[in-house]
Amino acid sequence: PFRQINLLVIHQYVDYLVSKQNVKNIFVNGTTGEGLSLSVQERKQLAVEWVRQGKDKLDHVIIHVGALSLPDSQELARHAAAIGASGIAVITPFFFKPTNKDELIAFLREVAAEAPAVPFYYYHIPLLTGVKIRVEELLHGIKEQIPTFQGVKFSDTDLLDLAQCINKNDGEEFVFLYGVDEQLLSALAIGAHGAVGSTYNYLGQKNSMMLQAFAQHDLSLARKYQFLTGEFLNFVIKLGFGVAQTKAIMTFVSGIPMGPPRFPLVQASEEFIAKAKAKLNSMVWPTD
């Protein structure tokens, strides 16, 4: 929440996610949180507040500590460990980029070493980073290089890559958290263990029902939830949808002021807000 980061509403945010959206695991300073648009100090302040407010309410608070600068990422990793984060995640640098698996692992290893007792996740989002090193390739032998390696936030539509990762993860050594909300059911079908995504801020309860239906082998019901999530996202994507629009939706659904995005992103238009609100209000979910 902005204009300047608004720490005061995070206690309300936590309570809302837990009580209204059935969300008890948080991924802080990622894409939707505009983590890479924040200063190191701002990211630390947010991490502290989420961990503090989540104590005894949230099961996991994973802090994203990736940065373009290795020293910044290491500093954030040390800080996350010191405040008691459940895990840390790292995106690949995307200006001067790693060009192969070994270069990427070398960067991740240097960050993970700064928090040697904290579970470590690789945050794979090639659409934004331009780094298309396949996760299947990355995982081979990674535990020897990064002993704390726990799994992947897999934000890509390449379900073949994800399937190969899961197929080769015979002992279920790693956790795969899927990050493309409109394809979550497909990812669950091939073995994803959970999800990290923006829509769970305001459609968390609906997605929890989908997860429950899938766990109970009610594929027909699970499809209904997934199709409705997809219907809403298809609608707003055609209007122009991104982080700014997500913040606007979260504000009118939750009543918690999320504020504008940080430049170079610009605030969602009133026209977008009116159309998105009308669409969401018109939708009939299986539990309605």
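Note: Cβ is positioned from N, Cα and C throughout, glycine not excepted.
TrEMBL does not curate its annotations; it predicts them automatically.
Keep in mind that what you see is a predicted model, and the values were worked out from it rather than measured.
Pulled from TrEMBL:
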ACT_SITE  Y123  active site, proton donor/acceptor
ACT_SITE  K153  active site, schiff-base intermediate with substrate
BINDING   T32, V196  pyruvate binding site
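Note: the CA-CA distance between T32 (pyruvate binding site) and Y123 (active site, proton donor/acceptor) rounds to 13 Å. Over all protein chains present, the Cβ of T32 (pyruvate binding site) has 18 other Cβ atoms lying within 10 Å. Annotated pair K153 (active site, schiff-base intermediate with substrate) and the residue listed as 'active site, proton donor/acceptor', C-alpha to C-alpha distance, rounded: 5 Å. Straight-line distance linking the Cα atoms of V196 (pyruvate binding site) and the residue listed as 'active site, proton donor/acceptor', rounded to a whole number, equals 10 Å.
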